[in-house]
């Protein structure tokens with residue numbers, strides 16, 4: 001139970017000394033995300049003019065408005081309650097969605113069409129739709145959270161963390177061990193042990209500073225040849241709105257509904273869970289406006305050209321313990337805004353390459369995976385493990401497609417050659433709509449463990465409907481690669497199999513009546 005702070009007689013203070021610590025912690029937690037966006041733009045073919053002229057200013061305005069609101073919200077709560085210990089909710093770019101949208105949406109569009117502008121437009125469309133879902137979800141998210149097993153909510157994000165955060169970046173660390181390993185050890189040691197550095201230096205700041213020194217020293221002695229960093233063009237790139245609704249008419253974005261919708265719902269549910277932890281820490285912010293502003297900030301990001309949604313951040317309790325109060329959030333928002341609209345972010349990549357910043361991303365991915373297993377019962381952990389497999393299939397498919405392209409071939413030619421050595425078509429099927437497939441199977445197995453067979457049958461029926469409408473498992477293979485195929489009834493055999501599974505689970509419901517659950521766990 002949180003203790004009540006002494007009442008304050010005068011108006012709350014906008015800034016305290018603890019807000020400096022909170023600002024450093026929040027800013028350096030979000031900086032790696034910004035560096036990755038600036039660095040990974042090349043994966044989608046985004047020219048630097050588009051990155052600094054549209055994407056980063058769109059991020060800037062959304063982060064600024066969101067952080068200003070949450071600082072104002074904290075000020076109002078402190079003023080209303082007379083407390084001096086109110087801490088604003090941390091806020092920033094949504095890290096898991098960065099990787100989901102880049103690697104699962106924008107990169108495939110670019111690889112298939114070689115059109116960077118289309119890849120960006122589809123990303124903005126995804127962000128716009130995410131903002132709509134998050135805004136609407138603010139009114140019904142609590143119902144969705146209560147009606148879905150926790151394993152099904154956690155494992156899709158854990159799967160993204162495993163494939164696209166951990167595996168996707170740890171290989172880069174060990175490809176350049178001279179600059180990557182030591183920062184990773186520093187960050188892991190400080191985060192895992194909860195050691196406090198002198199002057200409350202944030203762990204990411206120390207890790208990235210050491211990495212930057214290694215880059216400069218090794219480059220001076222010609223022991224490290226950095227990859228070509230994005231060309232920096234310092235200037236003033238103010239955000240300006242665009243007609244994003246024209247993107248809705250393009251059919252390309254709708255192909256990725258099976259990624260956009262579940263990610264948007266999961267993001268909203270995670271924000272709700274974060275808000276609940278904030279209330280446990282003693283800051284009872286109203287739920288609806290807190291979630292609503294997050295959704296509106298994502299809409300603002302899209303309208304101003306950013307493909308990346310925003311989110312509430314974990315860490316409120318740590319910021320509160322370090323003395324952060326109202327102003328740290330606003331200070332972080334203003335600093336991020338300046339960094340993004342001045343075009344200097346690519347300059348930072350010259351000193352802090354992605355391999356150095358990757359340590360923060362890898363740690364974040366490990367935490368997400370650990371949370372997926374630790375916050376469910378032992379039996380439901382098996383359901384989490386099952387739910388990871390579709391996301392691993394998605395990541396593996398992208399690796400295979402990359403290898404095939406590098407070899408000078410394409411999937412249409414290469415797929416039949418795998419033969420019995422690799423069930424390539426099964427892997428492709430499992431990768432289409434992987435987030436939804438993950439939720440369907442994790443939820444079903446969780447309910448099977450609980451002997452709630454009718455609920456499990458309901459999720460199997462959902463799988464049948466999703467596959468019937470082509471949102472999962474449906475695909476086509478062409479010279480331009482694998483792509484989802486939202487065609488009604490194309491994978492009717494899969495739909496029928498899901499329905500057969502639902503029928504069996506209904507029979508299990510009737511058969512299990514009167515049977516006591518064994519006291520001994522016979523899972524294995």
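Cβ atoms are placed via backbone N, Cα and C, with glycine included.
A TrEMBL annotation is a machine prediction, not a hand-curated record.
Owing to the predicted nature of the structure, the values given are computational and were not obtained by experimental measurement.
Copied from TrEMBL, the annotated features are:
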- 23-43: transmembrane segment (TRANSMEM)
- 55-75: transmembrane segment (TRANSMEM)
- 87-106: transmembrane segment (TRANSMEM)
- 118-139: transmembrane segment (TRANSMEM)
- 177-193: transmembrane segment (TRANSMEM)
- 231-249: transmembrane segment (TRANSMEM)
- 256-275: transmembrane segment (TRANSMEM)
- 295-314: transmembrane segment (TRANSMEM)
- 326-345: transmembrane segment (TRANSMEM)
- 381-402: transmembrane segment (TRANSMEM)
- 453-475: transmembrane segment (TRANSMEM)
- 495-512: transmembrane segment (TRANSMEM)
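Below 8 angstroms of C-beta separation, residues 12, 14, 30, 34, 37-38, 41, 46, 86-93, 120, 237-240, 283, 285, 289-290, 293-294, 297-298, 300-308, 310, 325-330, 332-334, 336-337, 339-341, 343, 345 of the same chain, each at least six residues beyond the ends of the transmembrane segment (55-75), sit close to that stretch. No contact links the transmembrane segment (231-249) to the transmembrane segment (87-106), because fewer than 3 Cβ pairs that are 6 or more residues apart lie under 8 A. Residues of the same chain lying 6 or more positions beyond the ends of the transmembrane segment (118-139) and with a Cβ under 8 Å from any Cβ of it are 44-46, 50, 54-55, 97, 101-102, 105-107, 109-110, 244-245, 247-248, 250, 252-253, 256, 259-261, 263-265, 267-269, 271, 287-288, 291-292, 294-303, 305-309. Here the transmembrane segment (256-275) sits against the transmembrane segment (295-314); at least 3 CB pairs are under 8 Å, leaving out pairs fewer than 6 apart in sequence.
Contact between the transmembrane segment (326-345) and the transmembrane segment (495-512) is not supported, since fewer than 3 Cβ pairs fall under 8 Å when only residues 6 or more apart in sequence are counted.
If one looks beyond the transmembrane segment (295-314) by at least 6 residues along the same chain, the residues whose Cβ comes under 8 Å of a Cβ in the stretch are 26, 29-30, 37, 54-59, 61-63, 65-66, 69, 89-94, 97-98, 101, 106, 120, 123-128, 130-138, 239-242, 244, 264, 267-268, 270-271, 274-275, 277.
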